[in-house]
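One structure is given here, and the rest of the page talks about it.
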Amino acid sequence: MVQAWYMDESTADPRMPHRAQPDRPVGLEQLRTLGVLYWKLDADKYENDPELEQIRKTRNYSWMDIITICKDSLPNYEEKIKMFFEEHLHLDEEIRYILEGSGYFDVRDKEDKWIRISMEKGDMITLPAGIYHRFTLDEKNYVKAMRLFVGEPVWTPYNRPADHFDARVQYVKFLEGTA
């Protein structure tokens, strides 16, 4: 099951857990109130998984690819890692399914505090359009993930501040319960 927690304020190595002290765990229900969706799947059978196919069909995730993030396989690795960790939003959902390895998605809560979501093999997450977030590897420096999209793949990050985009306006309304 996924683990999530409020982060400390440290700017040290982002690959470390950065748990607030005292520890402030975050459950799936709290993540759902932010629009974050989570599934635990069997990553060993991702190529022929009826549960994954049902999720894709229900949510219209019609396109996918696989990305491996590690120094040996990702061109411009250092540049990409910095870009992924820059706080940003997207105009569409961001959907990731961890097939191997691990990393962290950080998302902002309703009070603009960071929540760290630990992602490991078998974890699938959907971040809503308009949520400020970032991604980093953990100390293992390796993740292989399936990226899913509705229609043609679009992965355009808009670094904060990006409050003027309709996706952000709609997300804030969702948080306020008025969407």
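Count begins at 1; order follows the chain as displayed.
Glycine too: its Cβ is placed from the backbone N, Cα and C atoms.
In Swiss-Prot, the region 'Disordered' annotation falls on 1-23 of the listed ranges 1-23, 70-92, 93-115. Of the residues proposed, HIS133, HIS164, the one Swiss-Prot records at the same Ni(2+) site as HIS88, HIS90, GLU94 is HIS133. Around HIS133 (Ni(2+) binding site), taking its Cβ as the centre, 23 other Cβ atoms fall within 10 Å, counting all chains. Across the range of the region 'Disordered' (1-23), the DSSP-based residue counts are 0 helix, 6 strand, 17 coil. Sitting within 8 Å of the Cβ centre of HIS88, HIS90, GLU94, HIS133, and not among those site residues for Fe(2+), are the Cβ atoms of LEU89, LEU127, ILE131, TYR132, ARG134, PRO157. Sequence-distant contacts of GLU94 (Ni(2+) binding site), defined by Cβ-Cβ distance under 8 angstroms and a gap of at least six in the same chain, are THR126, LEU127, HIS133, TRP155.
Long-range Cβ neighbours of HIS88 (Ni(2+) binding site) (same chain, at least 6 residues apart, Cβ-Cβ under 8 Å): TYR132, HIS133, ARG134, PRO157, TYR158, ASN159, ARG160, ALA162.
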